[in-house]
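> Quick one: structure below, then a few questions.
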Amino acid sequence: WGGWVGAGCGGSVPGCDVRLQVQSVEKPQYRGTLHCFKSIIKQESVLGLYKGLGSPLMGLTFINALVFGVQGNTLRALGHDSPLNQFLAGAAAGAIQCVICCPMELAKTRLQLQDAGPARTYKGSLDCLVQIYGHEGLRGVNRGMVSTLLRETPSFGVYFLTYDALTRALGCEPGDRLLVPKLLLAGGTSGIMSWLSTYPVDVVKSRLQADGLRGAPRYRGILDCVRQSYRAEGWRVFTRGLASTLLRAFPVNAATFATVTVVLTYARGEEAGPEGEAVPAASAAPAGPALAQPSSL
């Protein structure tokens with residue numbers, strides 16, 4: 001049934017993650033996820049929760065195409081299925097999709113942090129990226145690329161590895177009447193594990209991408225950001241916004257698996273046999289492990 005991704009870019013309660021990650025420790029604006037959520041609705045209405053939504057939507061199709069294509073082809077190139085190869089194929093997919101994910105998250109971060117109303121700097125995701133390119137060039141559009149790579153590469157490896165292990169352990173087989181609940185559990189758990197594996201890097205990435213937006217730049221790079229953040233706020237700074245991220249990670253990834261399963265069930269229908277005879281898709285598959293590999297999708 002393959003490995004379906006929803007763990008990567010921007011998995012959190014809308015509008016909360018970036019604001020919690022980059023708020024000043026001297027003058028904190030929010031006391032936590034729930035307070036942030038309520039404050040955004042009170043000050044900016046429900047629409048404030050969806051600031052920067054256009055950016056993820058713009059890149060989602062391309063990201064999924066890259067992830068599925070790279071992961072499947074990498075797994076084929078590695079020659080055989082194993083836990084290590086599942087991790088390596090997922091890591092390769094995560095690294096490649098950063099080309100789109102990094103500018104997309106930069107726009108999302110800037111849009112979430114800008115002031116509401118007529119004083120806003122950017123009119124939308126595309127306008128944000130155009131303005132950044134005009135002022136800072138290609139380097140500005142790719143700000144945070146290294147930290148994005150450090151987050152996405154192992155995160156997608158953990159995602160595919162966890163999903164593969166869980167679906168096999170749960171016995172997810174075509175025709176199983178409990179297939180959808182099992183995929184919901186496997187997908188949601190995989191999303192949570194992938195975020196837990198690299199979340200501190202996501203905090204650093206958000207801070208680097210937001211740096212200089214309100215005042216002079218503070219950080220000289222990744223290590224300097226880690227040092228300054230730890231010195232000012234301790235280790236807890238690297239868990240800022242984690243609750244909001246995990247709240248969304250499970251249902252989003254779980255829903256992705258269930259939706260893909262239903263769509264594939266109806267889209268595949270009956271496949272033609274070797275002599276032109278229609279045979280059920282499940283019986284047309286060659287004998288082997290219960291789970292079809294991502295490369296077979």
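Residue numbers in this text run from 1 along the chain shown.
Backbone N, Cα and C atoms are what each Cβ position is placed from, and that goes for glycine too.
As annotated in TrEMBL:
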{"type": "REGION", "residues": "275-297", "note": "region 'Disordered'"}
{"type": "REPEAT", "residues": "1-77", "note": "repeat 'Solcar'"}
{"type": "REPEAT", "residues": "81-169", "note": "repeat 'Solcar'"}
{"type": "REPEAT", "residues": "176-266", "note": "repeat 'Solcar'"}
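Help me understand the surroundings of these features in the structure.
In the predicted model, the repeat 'Solcar' (176-266) has a mean pLDDT of 86.
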> DSSP says what for the repeat 'Solcar' (176-266): how many helix, strand, coil residues?
74 helix, 0 strand, 17 coil
